[in-house]
Every structure is written in C-alpha cells, then in structure tokens.
Amino acid sequence: MKTRRTPWWQYVIGAVLGLLAGIGLASYGESSGLSLIGAPWIVTGLLAVLGVIVLILALQVHKYAHTDPKKRPHSFINPTIAVYTLVLAKALGLAGATLAGWYGGQIVMSLSHIEADFYAHAVTECAIAAVVCIADMIIGIIGEWLCQLPPNEGPENPKIKEAKRRSDIAQAYKR
C-alpha cells in the first residue's frame, strides 16, 4: 500500500467549507431565533485530548520506524496500528482545518453582537475551540510526517539510486 501526503490545498478547502458552514449556521440562527452557535467546553477538551493521543502514537511509530532494527526496543509496533495512526493523523489534520473554519465562521457572524453577554460568551468558546482545532490540524500534519517510513535498501533508496547513477556514468567514461 502506498500512501501520499495530504496536499496543502485540501486543508484550505476544508477551512473554507467550514467557514462557509459556520457563517451559514450563525445566519440561520439570527433569522430563525434558534441559536446554535458556540462550542461546549467538553468538545474543546476532547479535541485537545485527541490531538495529544495522535501525537503520542505518531511519535511511537516514528521512533520505531527510524531506529536501527538491532537497537529497537522490545516493544513491537503492529503495522496495523501504524497504519491506523497515519489515518488518524490525516483525519485529525483535515477535521482540524474544517472545524477551525466552522468556529471561525461563527466568530465572524457573532462579532457584530459581541456587546451582548450571550454572544461574548459564544465568541470566547468559539475562539478557544478554533485555536485547539488549528493545533489539531498542525498535529495532524506533523503526525502524518512522523508516520513516514524511511526508504528501504531496495532500488528506490536514494543511496542505491545515486550509486547506480555513478556506476552508469563510470561505465560511459570507460567506453
């Protein structure tokens, strides 16, 4: 299985879609009188804990993958867990970008009413949640990088490619 890094523009698209959805939700709340803005503190806490868990898992995968096989600790990282960690890091990065946009959209629409106590509290909740979501996005990007495997000693290894290129050049000079 060959995985690719998540392109930067997918994070931007997620943030923009989240921003539009957050603006739409806040606009709907203003027009209907049913306010759905804000972020419960438990959600912010769970997002922070999830980010820490993904970072710890990614660091374990990185440590195992980049340690010499003879010097590896006795603990074994199951390849399935390593793949799950990679998927979690990708999902955390994209969800963090989208949710940061979501909470940012709610903030944008609520700033005009910030003098009201309800909106001031909602803006504070959304701002803290947006910061946590941006941190989760960054952790997801870093976690995805940490889960990369080093090149093996096969034909795709940069050292092997360079040696082959040099031997080809040396053979060309001999002719």
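Quick reminder: no glycine exception, Cβ is built from N, Cα and C everywhere.
Automatic prediction, not curation, is the source of TrEMBL annotations.
Some features that TrEMBL has for this protein:
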- 12-29: transmembrane segment (TRANSMEM)
- 41-61: transmembrane segment (TRANSMEM)
- 81-103: transmembrane segment (TRANSMEM)
- 118-142: transmembrane segment (TRANSMEM)
- 156-168: compositional bias 'Basic and acidic residues' (COMPBIAS)
- 156-175: region 'Disordered' (REGION)
Practice prompt. Answer yes if the transmembrane segment (12-29) and the transmembrane segment (118-142) have at least three CB pairs under 8 Å among residue pairs 6 or more apart in sequence, and no otherwise.
Written response: no
Item to complete: State the non-local partners of the transmembrane segment (41-61) in its own chain: residues 6+ outside its ends, Cβ under 8 Å from one of its Cβ atoms.
Response: 77, 81-82, 85-86, 88-89, 92, 96, 99, 125, 128-129, 132-133, 135-136, 139-140, 142-144, 146-147
Worksheet item: Under an 8 Å Cβ to Cβ limit, what residues of the same chain, 6 or more beyond the ends of the transmembrane segment (81-103), are close to it?
Response: 1, 3, 6, 10-12, 14-22, 25, 39, 47, 50-51, 54, 57-58, 60-61, 64-65, 126-127, 129-130, 133-144, 146-147
Fill in: Residue counts (helix, strand, coil, in that order) that DSSP gives for the compositional bias 'Basic and acidic residues' (156-168)
11 helix, 0 strand, 2 coil
